[in-house]
């Protein structure tokens, strides 16, 4: 036998073994291969199973979004399904559902005209030509006592007025319901009763007259409004923090704070709608919301809902 041939044959056999393809049956992948009466587990199969389990656990992490994150951006829910909101309502502002049917918050552009002809001898003085366009790019806040915003029809100012009025509405709605439930007097007439019987809170008499209470309220609320109106940061004008955040809500994580802002603006809008409903109810029935609800529940308020 030729040694080179033998070595060549041996080399060929070794190559064939090295390149041999092994077919693993599904039962072998699950239960292992049987060798010498003993089932041998394949380490590669166990590693693959571990990789699959890891992938399954990691997949849901991308779906764990906060409420404010789910309701922001271009794919956020709209106030009407299928609508295309204007470009300036891009979902970057918390609580933006694309609702501005009158276009009040649309960016404003102003035309700048040159001076006219100034010809006093002419029957008609030629108007000046358009020499430029003025477009405001962002909020301009000045520390002025009455009008801090340079543009009164800006989306930033609308958000501030919406939030401030909504906070007052939430307080007013809660006060109207609590007052009528405790005293049985509707929110319109309770002021008259306090003028006649004296001021009280929670059924307990107060040591101040109504005139003194009004003065105290004007001083306290006026002081808070002066502090807020002197703030030049649009964000701090809405969420000042500090002594106005005694529970430390603004110290939470950014996603948690945004969720609280979203909840507040939603409840503020509901509060404004509820206060309007209270006014319409009283104008139509002459009663408060608790009395109207009780009449409907006991069957005497059919005319209210017809």
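A Cβ is built for glycine as well, from the same backbone N, Cα and C atoms used for every other residue.
It should be emphasised that the depicted structure is a prediction, and the values quoted were computed from it without experimental measurement.
Residues annotated as region 'Disordered' in TrEMBL: 59-81.
For residue 264 (chlorophyll a binding site), the same-chain residues 6+ apart in sequence whose C-beta sits under 8 angstroms from its C-beta are 163, 166, 167. DSSP gives residue 264 (chlorophyll a binding site) a helix state. Taken from TrEMBL, the feature chlorophyll a binding site covers 162, 264, 269, 281.
Among the features that TrEMBL reports, chlorophyll b binding site is placed at 167, 214.
Residue 269 (chlorophyll a binding site) sits 27 Å from residue 214 (chlorophyll b binding site), taking the CA atoms of both as reference points.
According to DSSP, residue 167 (chlorophyll b binding site) sits within a helical segment.
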